[in-house]
Every structure is written in C-alpha cells, then in structure tokens.
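J.: OK, TrEMBL features for this one:
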- 60-207: domain 'Alpha/beta hydrolase fold-3' (DOMAIN)
- Ser138: active site (ACT_SITE)
- 251-325: domain 'Alpha/beta hydrolase fold-3' (DOMAIN)
- Asp292: active site (ACT_SITE)
- His322: active site (ACT_SITE)
Amino acid sequence: QGRILEKTGLCSQITFGRYVRQGRKLGLDPKLFIQDLQFNQVPVRVYQPKATSDGPRKGILFFHGGGWVFGSLDTYEKVCRYLSRESDSVVVSVQYRLAPEHKYPAAYEDCLSATLHFLQHLQHYAVDPARVTVCGDSAGGNLAAAVSQSLAGRADLPRLRAQILLYPGLQALDFNLPSYQQNRGVPLLFRERAAFFALLYLKGDALHMQEVLEGSHIPPDMRLKYRKWVSPDNIPEEFKVRGVKPLRPTDFIAEVYETVKRFCEPNLCPLLAEDSVVHQLPESFILTCEYDVLRDDGLLYKKRLEDNGVPVTWYHLEDGFHGIISLFDYCGVSFPSGKKGLDSVVNFLKSL
C-alpha cells in the first residue's frame, strides 16, 4: 500500500509507514507516573514507579527501533511501561530525530545528549548512579551500543552499569553474512530493507543500494582490516546448518565508497570499534533471533565483547524473528516468544 500511495503521489511510503506504526495513545497507568519532558532539547518520556522504594532505583535509557526511520514514544509505550513496572526502574524513552529528514549522526547525537542529561540529573529522579543501563532494539540497539562506546572511559560521569542490545544492527560492511543469506526474505526485516534503512540513515537516500548489498562499497584493504571482526568465520558452526554460500568478491567501486565511507565510523557501525574501546564496555545483554538478518551482527559483537573480557548474557530466541519485541501486546496481538524475550530482559535487569 505504501508503494501505491507513493506512486499516486498522495504521500510518501515513509509517511505511510509512520502512520501505520504510530501506536495508540494509552490511558493512565495505575502503577506508574509518566511525563513527557525534554532532556537537552530532546523529547523524552519518563516512566517512574509510584510505589515507594527502599532506596534509589535503577535507571534505563530506552532507544526505540524502526530502522532510524520509524518509531516513536507511542510505538514503544507498552514495552517501556512493562520494563518500568516489572523491573521497578525509572525508564527514559528517547524520541531521537528520524531519517531521512535528519541524517546520521542526528539520531546518535540525540541519544547521547539525552543520556548525558540523565546521568547529570540522576538524583532528581532518585536513580542509583551505579545502576544506569542503556537499552534498545534493532536501530535502537545500534544507538545504545554507540552511546555505550562513547561513554566508555569517561571519568566525569557515572559509569553505565550495563548495555542491553536486542537484535541490534551493528555493521554495514557485509550484507551477505550467513544470517543475511538464510533470512533474506523473512519478515519483518528483509535483506534489501536492512540496506535501505542504513543508507537512509547515513545519507538520506538509498542510491547505490545494489552495490552496497553486493559489497562493492568497501575497499579491499579495509575489508581485510575488518575481517578479524566481520567475517562468517567468527559465526559458530551451528548457525550455518541452514546453508551458506561462499560468495565471490565483487569489484570495488570507488565512487560508491566515497558516498558511504562513514559506514566505517563506530558511531554508525559499533562492531568496528577498536579493542581499546570495547574492553572498557559495561556488562552486556544481547538478544538474537534465529529468523533475523541481523542475527549475526549480534553474534559477532558477542564474540568481540567476550574476547575483550566483557561479561555477556546471551539470549537466543530459536523461533524468534526480527522486531518480535516491538510486537509485545501490539494492537491485541502478542507472540509468546516476544514475551519470553522481554521477560529475559527484565530478569537481567533484576540481577543488576
């Protein structure tokens, strides 16, 4: 339908997609105090449990998914309420600017800016400075990983207690990893859409999508440099049983690289951060889904964190697909697997 509307010129595919995903306004929550505020000019929604607490609570910064293009505070209202109630935490949901109107690094800068504000005003929300976590799903997982890296080693701020990355997208070098091959046509995220969203976020258009999918956008020497981190060789064998084709390398196209070279920046592709940054990262929780093109991004980052001595709790949904957490109790639909995933996050938070 979005395509039809775009062809008839009524509205763009993106506007239509945002409309469909906007989520419903919910009524008051008997257990939570909810308010819309601005942190450093970034709109946020703060969820605070009403019950009295023995001491300061945990704090969670939540960055929503949606390919950096879709998603809003309302879309993730049920997820954030659930996290706040079930883990007895103060949750700050961040409404970062969306692409293609606002290109990279706008979303990242908004998430970092809101996080800095929160870390500087924790006492106002009765939050324990030793127990603040960043959390996000999909594109939000990308933003959480980038913010976490940016704060690693900052001595002037409370150190993050943990990062929670739910099927994050962490690299745009290789769209032919085993999970991309196996799940290329699995909803909710097709292989083409993953590249499409990454390009919209990076430069506001999806020109050269085909070259990026084929891998012509990265110079051979850089491909070699990053091979130690982004390679099917680092994916455990059990994830290759559904089939993997070795691909012949494509020819490098310099002018495509010129337009997308920022894909090599860790703030955009956190999997490419240096070890000196990765080993300073906080305890991590990574959720992956079997039927998800981004599965291997999560597996590769898990390996990088573990190789650098960072404790990782990994939760794999065998029957999960991309976006399953955002469908938690969505318009009356819920997937048992999505609830299991969300509860695994709650259990991790309770352990901190």
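Positions of Cβ are set from backbone N, Cα and C atoms, glycine also.
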J.: Over the span of the domain 'Alpha/beta hydrolase fold-3' (251-325), count residues by DSSP class, listing helix, strand and coil in order.
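T.: Helix, strand, coil within the domain 'Alpha/beta hydrolase fold-3' (251-325): 31 helix, 19 strand, 25 coil.
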J.: What's the CA-CA gap between His322 (active site) and Ser138 (active site) in angstrom, rounded?
T.: 8
J.: Using a 10 Å cut-off, grab the number of neighbouring Cβ atoms around the Cβ of Asp292 (active site), all chains included.
T.: 26
J.: Ser138 (active site) has how many other Cβ neighbours within 10 Å of its own Cβ?
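T.: So the number of other Cβ atoms within 10 Å of Ser138 (active site) is 30.
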J.: Distance between Asp292 (active site) and Ser138 (active site) at the Cα atoms, whole Å?
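T.: Counting only the Cα atoms, the answer is 11 Å.
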